[in-house]
Amino acid sequence: MERLSCTGSSIRRRSTSISSHTSHHTNNDDECERVSEAGDIGDRALPSTRLSESGSIRSSFDIRPEENEVVVSTEEEEILHPNSTLSTGAIVDSEAINHETRRGLPKLLDYASCMVHLAVFGILGVLTRYLLQKLFGPGIGNATSNKTLLYLDLPSNMIGSFLMGWFGIVFKGDISNVSEHLAIAITTGYLGSLTTFSGWNQKMLELSVSGHWLFASLGFVVGLFLVAFSIIFGIETAKGFRWLLSKLSMSCGSGNDGSNISTKVDSNSRQLTIMVMFLVILIMLWGVCGVLVKAEFRHGGNAAELWFACMVGPIGVWIRWFLARLNGRGLGKAGLLKWVPFGTLIANVSAAFVMAALATVKKAVHTRDCDTVVSGTQFGLLGCLSTVSTFAAEFNAMRESDYPWRAYAYALMTICISFVIGILVYCIPVWTKGV
């Protein structure tokens with residue numbers, strides 16, 4: 001009996017040590033994933049994909065035997081918890097997920113519906129970004145220009161980050177209660193296309209190639225500060241608005257704070273109807289843009305570039321959405337550096353690289369047709385491939401985590417890699433060959 005007691009005590013001590021180590025490791029991993037997935041997780045947010053990734057139920061001691069790890073055996077677990085059974089809550093949650101997913105669209109249609117949503121909202125984001133450039137740029141507002149650190153896309157990046165605080169953080173859950181596709185379309189499609197990192201980086205490269213290195217450096221610093229403040233301001237105002245709604249609901253005696261929405265689009269017929277509606281809208285938008293491109297292409301200019309940008313913009317949104325599934329995954333099988341949103345990082349850096357390369361081509365060729373195609377691709381496809389709103393959400397989540405230095409490391413990583421590649425691809429050819 002004494003031996004059994006000693007055995008139990010030893011097992012409890014080992015279990016406590018393992019639990020403490022496992023809990024700390026798990027909490028750290030959870031936080032890394034949380035900050036990395038704060039902005040976007042791509043197609044992993046779809047109901048059909050969530051089921052396939054959450055199909056297995058694991059117990060708290062389901063630890064894979066890696067090197068230097070201890071696994072509690074079945075006999076030891078029975079001694080520690082002789083009456084333990086599988087949590088019924090996990091079973092109920094799994095059944096609820098299965099029931100909810102079965103009510104939705106099949107996986108292929110789920111993807112198609114989401115991509116149609118993204119395309120429509122992506123085009124709207126391109127149009128809004130163009131209007132903001134004209135409103136605040138030379139000719140009307142005169143607040144931004146290509147020759148100062150207040151670059152043309154700064155207002156759209158600030159407004160997009162502000163709205164990300166509203167619809168991408170505070171009210172995203174409420175929008176998802178209506179439709180997951182709508183939540184993805186607003187955050188990834190509209191706000192991701194309204195903001196652009198590649199355009200920001202390219203304007204700083206153009207300042208650098210003209211010798212304005214101070215303006216370029218300050219442009220990154222000031223731009224990062226304004227974007228970071230914009231999303232904070234958006235979150236705080238959205239929380240205040242939610243509190244106001246709660247007070248108004250309480251004063252009316254409804255007892256509802258406005259967060260419980262009962263109009264969820266969860267049936268096959270509703271989702272199919274909305275998908276067809278958005279598909280018709282997308283076809284109409286593409287048709288109108290195609291007609292306008294054909295009419296304006298021979299003349300060149302901003303109009304032709306805009307309509308061409310609207311036609312190719314959805315391609316950039318789709319690529320960024322698929323890349324976003326890498327966020328929170330880390331590198332390799334071990335999942336190293338999970339706190340780095342590699343999907344967003346790859347999207348921003350690759351868009352900045354291609355935009356710099358196309359700017360070099362544009363300077364070298366310099367024909368009307370080439371300028372139209374290159375500028376339209378830069379503004380549309382690459383502007384939608386890169387994003388500042390998602391970047392701002394990730395930056396803010398890291399800044400508020402237990403490791404705030406990661407936010408600045410992530411920002412430096414994104415800016416420095418993109419800027420150095422841009423110097424190699426754009427600035428050096430301009431300096432050496434005078435293209």
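Backbone N, Cα and C atoms are what each Cβ position is placed from, and that goes for glycine too.
Sequence annotations record features per position, and here TrEMBL assigns compositional bias 'Basic and acidic residues' to 33-43.
The compositional bias 'Polar residues' annotation in TrEMBL covers 49-59.
The region 'Disordered' annotation in TrEMBL covers 1-59.
The transmembrane segment annotation in TrEMBL covers 108-128 (among others).
Only residues 6 or more beyond the boundaries of the transmembrane segment (148-170), in the same chain, are considered here, and those with a CB under 8 A from a CB of the stretch are 38-39, 128-129, 132-133, 135-137, 183, 186-187, 191-192, 194-196, 199-200, 203-204, 207, 215-216, 218-219, 222-223, 226-228, 230-239, 242, 388-390, 392-393. Here TrEMBL flags 148-170 (among others) as transmembrane segment.
TrEMBL lists 182-200 (among others) with the feature transmembrane segment.
Annotation comment: TrEMBL describes 212-235 (among others) as transmembrane segment. With a cut-off of 8 Å between Cβ atoms, the residues of this chain six or more beyond the transmembrane segment (212-235) that come close are 147-151, 154, 157-159, 161-166, 169-170, 200, 203-205, 388-389, 391-393, 395-396, 399, 411, 415, 419.
Per TrEMBL, transmembrane segment is recorded for 272-294 (among others).
Residues or ranges marked as transmembrane segment in TrEMBL: 306-324 (among others). Sequence-distant neighbours of the transmembrane segment (306-324) (same chain, 6+ residues past either end, Cβ-Cβ under 8 Å): 39-43, 114-115, 118-119, 121-123, 125-127, 130, 184, 188-189, 192-193, 282, 285-286, 289-290, 292-293, 296-297, 343-344, 346-347, 351, 372-373, 375-377, 379-387, 390.
When Cβ-Cβ distances below 8 Å are used as the criterion, the transmembrane segment (336-359) is approached by residues 29, 31-33, 35-37, 39-40, 42, 197-199, 201-202, 205-206, 316, 319-320, 323-330, 374, 377-378, 382-383, 385-387, 390-391, 394, 398, 403, 406, 410, 413-414, 417-419, 421-422, 425-426 of the same chain, each at least six residues removed from its ends. Annotated transmembrane segment per TrEMBL: 336-359 (among others), in sequence order.
Annotation comment: TrEMBL describes 379-397 (among others) as transmembrane segment.
The transmembrane segment annotation in TrEMBL covers 409-431 (among others).
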Residue numbers, six or more beyond the limits of the transmembrane segment (182-200), whose CB comes under 8 Å of its CB atoms: 39-40, 42, 45-46, 114, 117-126, 128-129, 151-154, 156-157, 159-161, 163-164, 167-168, 172, 175-176, 219, 223, 265, 313, 316-317, 320-321, 324, 348, 351-352, 354-355, 378-379, 382-392, 414, 418
Helix, strand and coil counts within the compositional bias 'Basic and acidic residues' (33-43) (DSSP): 6 helix, 0 strand, 5 coil
Proximity verdict for the transmembrane segment (272-294) and the transmembrane segment (108-128), three or more C-beta pairs under 8 Å: yes
